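Copied from Swiss-Prot, the annotated features are:
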type   : residues : note
REPEAT : 17-50    : repeat 'ANK 1'
REPEAT : 54-86    : repeat 'ANK 2'
REPEAT : 91-123   : repeat 'ANK 3'
REPEAT : 165-197  : repeat 'ANK 4'
REPEAT : 201-234  : repeat 'ANK 5'
REPEAT : 238-269  : repeat 'ANK 6'
REPEAT : 274-310  : repeat 'ANK 7'
REPEAT : 314-349  : repeat 'ANK 8'
REPEAT : 361-390  : repeat 'ANK 9'
REPEAT : 397-427  : repeat 'ANK 10'
REPEAT : 432-463  : repeat 'ANK 11'
REPEAT : 467-500  : repeat 'ANK 12'
Amino acid sequence: MDQINVLINKLIYDTMNNITSLMLAVSNYEIHDNYDTVKSLIDCGFDVNAVDKHGKSVLMYAINIDSDKNINVIKLLIDHGADVNHVDSYQRSVLIHTCMYMEYGYNNKTISLLIDKGANINYICNGKNILMMIHKYLSEETFQEVFHLINNKIDINYNRSGIIRENILMRIIKKLDNKYSITTIKLLLEHGINIDHINIYGQTALMYACIYINGLKNIPIIKLLLEYGANINSKCTKGWSPLMSVFKNDIIDIKTIKFLVEKGAEINSKNCKNETMLYVFCKKLSTRIYGQACVKIFDFLIKKGISIDNPNDKGYTPLMAFIIKISEYNEYTEKFIKLLLDYGANINSKDIHGSSILNKVCCDVVSGSVSHCKIEIINTLIKYGADVNSTTLDHKTILMNLRYSIHSENYITVLEILLRNGANPNIYDEKYHKFPLLIDILNRGGELRIIKLMLQYNIDPNIVDNIGNNALLFVAKHYKKNERFSFLKLLLTYGASYNCVNKKGKSFSDYVLDKEVEYYSRTITNLSKDNRIMKNVIDSIPIKVPEKIYCLESFKMKIIRFKWNLCNRIDYDDEAIMNYLGTNDPVRLIQIIDESIKYDH
């Protein structure tokens with residue numbers, strides 16, 4: 001009973017979908033030899049061009065997976081007038097139906113038969129012609145069909161009307177995976193395919209070979225394309241040349257680069273962002289694992305005369321591109337930096353906003369947007385001469401730019417590195433800056449340890465803001481009772497003047513509460529008696545002092561060296577200095593020198 005129901009349902013389905021007995025017979029080849037059945041039905045008058053509800057013809061029913069086994073039935077239908085160019089309701093031709101099963105390696109004989117019988121090889125379905133449909137299944141068998149299509153003058157220069165507009169040459173290069181792909185490329189070139197065809201991005205087949213074919217496999221293709229006239233210095237819409245396109249590849253091989261350069265590729269070509277190949281390479285290195293092979297590429301490009309310091313349209317140099325985006329510090333990182341510097345890269349170059357490499361890296365670290373490896377980069381940059389006091393176009397030093405992130409966990413680490421290496425915390429211009437650095441940090445709620453560190457490295461608490469407040473007045477005026485004691489004492493300890501009067505005529509005493517007067521009076525009295533309070537200031541003199549702060553041959557530096565000799569009990573018999581300072585007592589000499597340096601800014 002169940003079998004009867006199945007048969008009834010199938011009969012109803014076939015009737016509703018206009019499926020004829022001939023359609024069923026031609027598609028039944030996998031069960032038994034259906035040739036005689038098909039011939040009998042044709043002889044009985046069944047229409048070989050009948051179509052079902054979806055416009056699928058009898059010939060299309062005969063074509064399925066491995067329809068080469070049904071080749072005799074297909075020939076029979078064609079011999080009896082089956083239309084080899086019929087198109088179904090989905091705009092698929094008979095030949096398109098045949099190509100749909102090429103993925104499984106079938107239907108090669110069927111394709112040849114249809115072509116020989118007049119099937120339109122240039123029919124377009126969904127933006128593709130037949131060649132574009134079967135090229136991705138290239139093998140020993142399918143290559144014969146490609147050869148057959150080309151010899152029958154299929155339009156090899158057709159380019160898909162879709163989004164990218166690639167031609168068949170580009171598509172084969174993009175998927176190149178066996179020797180038949182290379183043979184097909186050569187066949188297309190021999191038959192005159194347009195080697196200069198560009199997609200919507202302006203990319204050529206040569207650029208595709210540089211981008212998509214990994215490693216040494218691309219050299220034979222590149223060589224072949226150049227032999228047929230490919231322009232080695234063409235540019236896409238973004239200005240990338242084939243040589244620059246190599247660096248879009250997942251595998252960058254120096255032999256490919258050398259080959260292109262030897263064939264005349266312009267080594268200093270720039271893209272639309274004014275980026276050179278070296279810039280692109282440096283940027284690529286920042287986001288991938290690199291090693292000795294990349295050092296060799298660096299060395300080759302530099303020795304070939306590539307521009308070392310050419311900035312892009314944002315003012316970024318190759319060195320900046322490498323350093324700013326780097327995510328890993330390994331044994332080759334410093335080698336790359338040194339190699340660029342040795343050949344003329346400027347470690348203090350700035351972008352269009354006046355921001356130096358060191359400024360950018362320091363700001364990245366304190367903002368928490370990068371890994372810990374950037375701390376190593378900061379030390380390396382300073383080691384090779386990065387200016388710790390460089391300023392941006394808005395007259396801000398690195399220390400000033402960092403103040404926006406004083407609550408970052410990395411802030412104090414970076415701050416100490418900069419101060420230890422000579423960053424001047426006292427640079428201030430009332431015309432451009434509202435607050436001196438110390439007052440600005442206090443205004444932003446800087447921790448006591450930050451203030452102490454800056455005072456230890458000689459920041460001047462007596463530089464006043466635009467209304468005349470020094471750091472002591474600022475804290476006394478704005479800090480609440482429960483948080484200001486430790487700050488005020490620290491500032492007094494490091495020489496903040498309690499006699500400072502602001503533009504409103506207010507001094508420290510005006511902001512001290514009545515019940516605080518006795519405490520601060522006693523504190524000031526005790527500090528004035530202590531000759532040792534400035535020792536922690538001078539002990540923190542930067543290990544590397546900028547020339548614009550202290551000239552090494554100046555009398556001030558001689559005094560500082562004299563003080564160090566005193567502290568280390570080295571011979572300090574310098575009559576000129578002792579006469580100048582008016583004493584030969586070691587303790588008093590140290591005190592006078594400390595006070596002299598502290599109040600000079």
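Including glycine, each Cβ sits where the backbone N, Cα and C put it.
Across the repeat 'ANK 6' (238-269), DSSP assigns 16 helix, 0 strand, 16 coil. Within the chain, the repeat 'ANK 7' (274-310) has long-range Cβ neighbours (under 8 A, six or more residues past its boundaries) at 241, 243-244, 247, 252, 254, 257-258, 261, 267-268, 316-319, 321-328, 330, 332, 335-336, 339-340, 343-346, 349. Long-range contacts of the repeat 'ANK 5' (201-234) within the same chain, counting only residues at least 6 positions beyond its ends with a Cβ under 8 Å from a Cβ of the stretch, are 164, 167, 169-170, 173-174, 176, 182, 185-186, 189, 195, 240-243, 245-246, 248-251, 253, 255-256, 259-260, 263-266, 269.
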